[in-house]
């Protein structure tokens, strides 16, 4: 066959180029949504001190925001964030293709898996940066004794990406210390300062992520009380991570069809196979995989994290531990890893359907209406003097990156002031449940006070108890209720003056 005559290097180059083209197209057509905009707006408008104060509300350390800051503060368009995301995920892919001890076809399967093909590639959030640093740690692992500084720096950075990176950094540090003690205890003694760096970074990340006393009640607190009903959520976690097919009756994204017995059975099968792959390969890395994945599952259950964008980190953990397992085998034995590789490949193949569903749906549908809504606003002759209001505030905030510098804030009805990004505190969460009468009164009061030439309210489409009474007095300015995500669907209402 033709493929058998092509060298391994050329196959990897072709895989990389195809991957780069697909991700570039996906990023170009993807409409940026609130969570992506939120990080950009914080980087644009928050001070360095505020950045650290906001970490507890964001549930994420500051590394991603620090990377965005130079671009945002220079006034570059938010598309530059997607360019940065493209560079990050391609670098991660490059590390995988160059350093992972897998055959070319297995590397291709990894890049075609849901987290690498869509979730952590197309969505511009800190998760892609986490994947890059995980792959960088794995690439540096063979030189962990001779280049201690390299591994120490990478784990230090990994702890600052997100809470998942923090947990994996803890696991990597412990595994590294145990491994170094077995191989050469003098390495530890001679590099105490370098080894202390990731430990200090872990401590700093824990301090930043410690929940503030006024954290929004809509962000679930840790719940360490076990109930038998939690086993239902475990079904959700396993399905969402290992066979994240969406429920056809709902949205395509973060909508795991765990209640379908056939889908759950396939997810459970994939989960079990992921463990058997280490057992069949006689790898000691099953312990690390168990600790990493179990810790993450406990986090999902205690924080009630119910979205596939969180859950598929378990697939990245499988890839990471199997990478280390093959490095271990290459040093100690040349035994056949065929069955073990086949098992991991089955897990990866079961990720591909969702990868295809997600990317094609995103390409041909409207992920978020923010850009289109902002375009409608900018086309209005009275746009320069517009007062933009929002309830809840995040619907207006999501428009801000696509509006010029003259409009850097939105009047948040629940906050009763102008805001340029969300702060997920109790003020926001209590305000979200504001009664329609109170919200309408606040809206009309601020219009009467500021007397704008044009006053536009962005309102959640599911807040019909608010917009239906408003439409008795005011006109619809723009209807964007056809977005793919129901929590992104919104209406623009002209509240300048009654009909």
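Including glycine, each Cβ sits where the backbone N, Cα and C put it.
Checking the ranges 49-71, 233-255, 256-278 against TrEMBL, the transmembrane segment annotation falls on 256-278. TrEMBL assigns the feature transmembrane segment to one of the listed ranges (98-114, 285-301), namely 285-301. Scored on C-beta pairs under 8 angstroms, the neighbour of the transmembrane segment (307-325) with the top count among 12-30, 117-141, 190-210 is 117-141. The transmembrane segment (153-178) shares more Cβ pairs under 8 Å with 190-210 than with any other stretch in the list 74-97, 190-210, 256-278, 285-301, 346-367. Looking at which of 74-97, 190-210, 256-278 has the most CB pairs under 8 Å to the transmembrane segment (346-367), the answer is the stretch 256-278.
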